[in-house]
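Structure first, commentary second.
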C-alpha cells in the first residue's frame, strides 16, 4: 500500500492537545495556590501558628491525588479519555469553590473552617490525580509521531504556567483581605473550560479501536491527522493491537523478569525527581525566601520563570536529541544544584555568600 511520506499538519491536532493540557495547568495551579496565601488562610480560619494544620492544608490535596491516580487508568479505559477529563474537572470545581444550598458544607474558597478547607483540598486532589496520567495517555494517542515528544512536553509547560499563575495571583493576598478566596475561585474557570471544551475534542482513536469502533477511530484520525494519513495510521494501530494481544502481561509479571526492569526504571525516575525536594520549593518557597530576606513576589516570579525555561528547552530539544540525553543532563543539573545547597549550609560559608548559593541552588 502507498504510505504517506509527509508528516501530518500540526494544526489539526494542536487544539485537542491544548485542551487536554488544561488538566496539567490545573495541576500546577493547585500545587502553588496555597504557597503565598497560606498565612492569610491560617489567620482567617483560625489556625495560625499550628504547623500541623498548615502542613495538612498543603499536603491533603496530594492524598486526594494519590487516590485519584489509582483510578485514573481504569476511568480512562472504561469511560474513554474525553469523559475522564470531564470527571477530572468535576471534583476540582466542587472542591475549589462549591457550597451546598443549606450552607452545611463549604469547601476551599467559601469555607469558614479548617475542616472545609481540608475536604475541599482533598476533592481537588482527586482531580489532580486523575488528570495528568490521562493527559499523558491522550497526547501520546492523538499526536503525530513526529511531534509526540514535543507535544508531550506541553504537559510540563502547562504545569509550569499553572504554577506561575498561582504564584502571581497570590501576590495581592497581603494587601487585600480575603484575596485567598479569589485564588481558589479563579481555578474553577479553567476547570469549567476543560469540561466544556472536551465535548468538541476528538476521542482517542486507540481507545475507540480497542472498543471495536473502527469506523469512529478512522473518523477521529481524519480530524487529527488528515485524510491522507488515515489508512497508514489504522494499519499501525492494528499492528500495535496485535502486538498487545500477543504479549498480554499480568500485574504480577510487572514485578519480575524483563518487565520489572522497565517498571523499575520508570518508577525510579519519577521518585528521584520528587526526592529532589522540588515540591517543597513549590509549596513553601515564599516562606523560605522570606526567611532569607528575599521578597516573596520576586522569589515566586524567579521560580516560575526558571521552571518554565527548563520546560521550553525540553520542548525544543525533545525530538532532536532524544529522551535519554535530556534525562542525563537534567539529573546532572539537579545534582549540581544540590551541591550548591549543601555548600550554602556549610559552616564556612556565611552571610550573602550562603544566601546566593542557597537561592541559586533552588532556582
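For all residues, glycine too, the Cβ spot is worked out from N, Cα and C.
Sequence-distant contacts of the transmembrane segment (12-32) (same chain, at least 6 residues past either end, Cβ-Cβ under 8 Å): 61, 85, 88-89, 92, 124-125, 127-128, 131-132, 134-135, 138-139, 142-144, 147, 151, 154-167, 170, 187, 190-191, 193-194, 197-198, 201-202, 223-226, 279, 282-283, 300. Annotation comment: TrEMBL describes 12-32 (among others) as transmembrane segment.
For 16-363, the entry in TrEMBL reads domain 'Major facilitator superfamily (MFS) profile'.
Counting residues 6+ beyond its ends, the transmembrane segment (52-72) has Cβ neighbours under 8 Å at 30, 34, 38, 41-42, 84, 88, 91, 95, 114, 117-118, 121-131, 133-134, 283-284 in the same chain. Positions annotated as transmembrane segment by TrEMBL: 52-72 (among others).
Per TrEMBL, the feature transmembrane segment maps to 84-102 (among others).
TrEMBL lists 114-139 (among others) with the feature transmembrane segment. Sequence-remote contacts of a segment are chain residues at least 6 beyond its ends whose Cβ falls under 8 Å from one of its Cβ atoms, and for the transmembrane segment (114-139) they are 17, 20-21, 23-24, 26-27, 30, 41, 45-47, 53, 56-57, 60-73, 75-76, 81, 84-85, 87-92, 94-96, 105-108, 148, 151-152, 154-155, 159, 184, 187, 191, 204.
For 151-173 (among others), the entry in TrEMBL reads transmembrane segment.
TrEMBL lists 179-201 (among others) with the feature transmembrane segment.
Here the transmembrane segment (262-286) has Cβ contacts under 8 Å with residues 31-32, 34-36, 38, 58-59, 163, 254-255, 296, 299-300, 303, 327, 331, 334, 338, 362 of the same chain, all six or more residues outside its ends. Residues annotated as transmembrane segment in TrEMBL: 262-286 (among others).
Residues annotated as transmembrane segment in TrEMBL: 298-318 (among others).
The transmembrane segment annotation in TrEMBL covers 325-349 (among others).
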*Taking residues 6+ outside the transmembrane segment (325-349), which of them lie with a CB under 8 Å of any CB in it?*
269, 272, 276, 310, 314, 317-318, 355, 357-358, 360-362
*Across the domain 'Major facilitator superfamily (MFS) profile' (16-363), average pLDDT on the 0 to 100 scale*: 85
